[in-house]
């Protein structure tokens, strides 16, 4: 079975070079026939490019787009100006229920296998704008100067001209700033209350320590007084006994007479 001619575009893949950026190109395969056609994409620089999808099936009277992504490059090398990278699109006819197998694109097994070769062109990075105006640019500037020399008409008065010094502020940004200010004020108030509570706690702790010291001193003094009274009780008892004995002796002596 002869393979139909496929329309593979473009014949030249062009990439506009940019440092540290992936470059994208697209290959389109159009199948104008009434047969199912399998395709496979090959390249001479597989490490530099990513092909999505690299193989597949183009249904009858339809087309498929394939993305070719060039990996990001760190610099523009001299060989890019004369790039020798190439791509090849292989196509072959599939039966009604046939799927892509390992030998689908084998030249010996597939006599109807066709190949389409694509070149790669890498265009250099865009040149920076020239600081010196060209001749036509200078003429345009001269015309602009002459035109600007004519005074413009006076603008019509406006009832409420917009203020140029006050840029519009996003309401969401203003709301966020207000919420932040309110949270800051509330945080300062809470911090002041915490400081006041800590001072009150320290004062209560100091008063409790003074009370405990005074209570201990009072207990110590009471114990010492109790000990002195207890020690003096025997002495007072003996004195009373002696006093009673003397009084009894005197009373008995006087009663004899």
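Residue numbering: from 1, along the chain as shown.
In case you wondered, yes, glycine gets a Cβ from its N, Cα and C as well.
When TrEMBL is compared with the stretches 89-130, 173-214, the one noted as coiled coil is 173-214.
In TrEMBL, the annotation region 'Disordered' applies to 148-169, one of the ranges 148-169, 236-257. When pLDDT values are averaged over the domain 'MSP' (5-123), the model yields 93.
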